[in-house]
Amino acid sequence: MKLEALNRRDRYAGYSLISIAAHWTTAILVTALLLLRQDDVRPIHVGIGLIAAPVLLFHAWWRFRRGFPRVPDQPALLNLVARLVQIGFLLSILAGVAAGLLIPPLAGEPLTFFGLLELGIPSIDYPPALVFFKQVHAVAGYAFVPLLALHILFAAKHAIIDKDALIWRMLKPVRGGH
């Protein structure tokens, strides 16, 4: 897939505008959440998490529903790793969002938007479940970091070493694409 070979009319060659928007919005939101995970900025993390949750859940649903574009012309092992990284991203998003939304109610705290607006979610102070979901949330976040590193490394490989059009799949939409 050389740079000039990206066929924007081939729906199996790339991503739709919705997929591209979901990808970059997810990238920004997850980066913000990872950077703001300290206890002293927890209300900001929760507030951004409440904004991010529907976007991230939509992104995961959309990707599983639409599938993935055709794999590039490279060794099968690299394609397998790339697909596992993509699936790992989606699973860590689903686990992180689900667990993150459960943590405040299980701690007996109200779910609040930036510490200002209390949402009407019942809280039930249940420490055993709280410990479990805090661990799930943390593992999902920590899993995201090496997956992100691999994702960026592979993108750089395609752009710098292979000099192919793969990176353009996340920049230029394909009508009816994945």
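Quick reminder: no glycine exception, Cβ is built from N, Cα and C everywhere.
Per TrEMBL, the feature transmembrane segment maps to 12-36 (among others).
Among the features that TrEMBL reports, domain 'Cytochrome b561 bacterial/Ni-hydrogenase' is placed at 15-172.
Nonlocal intrachain contacts for the transmembrane segment (42-64), taken as residues 6+ away from its ends with a CB within less than 8 angstroms of a stretch CB, comprise 18-19, 22-23, 25-26, 29-30, 32-33, 36, 86, 90, 93-94, 96-97, 100-101, 104, 111-115, 119. Per TrEMBL, the feature transmembrane segment maps to 42-64 (among others).
Within its own chain, the transmembrane segment (76-103) has Cβ neighbours under 8 Å at 26, 30, 46, 49, 52-53, 56-57, 59-60, 63-64, 68, 111, 129-130, 133-134, 136-137, 139-141, 143-144, 147-148, 150-151, 154, counting only residues six or more beyond its boundaries. The annotation transmembrane segment is assigned in TrEMBL to 76-103 (among others).
Per TrEMBL, transmembrane segment is recorded for 139-160 (among others). Within the chain, the transmembrane segment (139-160) has long-range Cβ neighbours (under 8 A, six or more residues past its boundaries) at 30, 33-34, 37, 72, 78, 81-82, 85, 88-89, 92-93, 95-96, 99, 166-167.
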